[in-house]
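Only one structure is covered here, and it is reproduced in the block below.
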Amino acid sequence: MNDTLSSFLNRNEALGLNPPHGLDMHITKRGSDWLWAVFAVFGFILLCYVVMFFIAENKGSRLTRYALAPAFLITFFEFFAFFTYASDLGWTGVQAEFNHVKVSKSITGEVPGIRQIFYSKYIAWFLSWPCLLFLIELAASTTGENDDISALDMVHSLLIQIVGTLFWVVSLLVGSLIKSTYKWGYYTIGAVAMLVTQGVICQRQFFNLKTRGFNALMLCTCMVIVWLYFICWGLSDGGNRIQPDGEAIFYGVLDLCVFAIYPCYLLIAVSRDGKLPRLSLTGGFSHHHATDDVEDAAPETKEAVPESPRASGETAIHEPEPEAEQAVEDTA
């Protein structure tokens, strides 16, 4: 059994076919082996989603199909990204700011050395996070205690969450491509954006949708894991404290937790306990203001004096105006 596993791992020729060049610090075969393992996990989950998709088309509810779509997309994006990552593709070389990670023999002669930066993982996060945020919103809206959901509030909150999350992903990407200390400016901006975004998520989930129980625990765990991405970035692309292999293991574990385990849980929760809420444009969680009770003042109108009723066939007789009577007397 061990010989078979060893033989299988020895078939990994990614670094031989796509060798890192012009780099002092890059992933090794051990790092690539780990990335292929994560790739296989996402591939297995992807196949499960494909089978579930065909089952849901025939026997599943609409909510199951709605939840299955973002979960499938997340897994597909990560499957694609880890194939690229494990194949030693989708990277560029950037000189490190600090000389914490050293090599016995420098290839480039630069001090600090040139570090391998995988921009492909940022692209995968950019594509996956909006789908995950939509799935979180869907699960909270369909499994919570609220039966009436404001569509405008939902779109407003979800838009802020998506834009804020994409902003911190782009901030970390730009910061990783800068060799000077200015990279930490982008890191700080991204961290502030993530803090504001998580504030919006908490307000929406815990106060508006009233997410409780194990769903709330899973959401809080996911929000804590997000900050581990920033810690990993500071140790790898930012601070050059850990080797690229350690970075690959760190990010691989985080991605498995956020983009593999959590979407599976949300999909199961929606399929088991979800119910379609009523959507309205004004209902739900709109705040009450005192001015809402003040009705617009209606313009004053002069009441019309009703004409006296007359019998059928009776000719209406109009009395002459006083001015007309005076004119007739003067003429006489």
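Note: Cβ is positioned from N, Cα and C throughout, glycine not excepted.
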Residue pair T108, K210: same membrane side in Swiss-Prot: no
Outside the transmembrane segment (216-236), six or more residues from its ends: residues with CB under 8 Å to it: 136, 172, 175-176, 187, 190-191, 194, 198, 201-202, 205-206, 242, 244, 246-247, 250-251, 254, 257-258, 262, 265
The topological domain 'Extracellular' (237-248) - residue tally per DSSP class, helix then strand then coil: 7 helix, 0 strand, 5 coil
Two-stretch contact, the transmembrane segment (122-142) and the transmembrane segment (35-55), at least three Cβ pairs under 8 Å: no
Chain residues outside the transmembrane segment (158-178) and at least six past its termini with a C-beta under 8 angstroms from it: 92, 94, 117, 119, 122, 125-126, 129-130, 133-134, 137, 184-187, 189-191, 193-194, 196-197, 200-201, 204, 229-230, 233, 237-238
Same-chain residues at least 6 beyond the ends of the topological domain 'Cytoplasmic' (56-65) whose Cβ lies under 8 Å from its Cβ atoms: 138, 142, 267, 270-271, 274-276
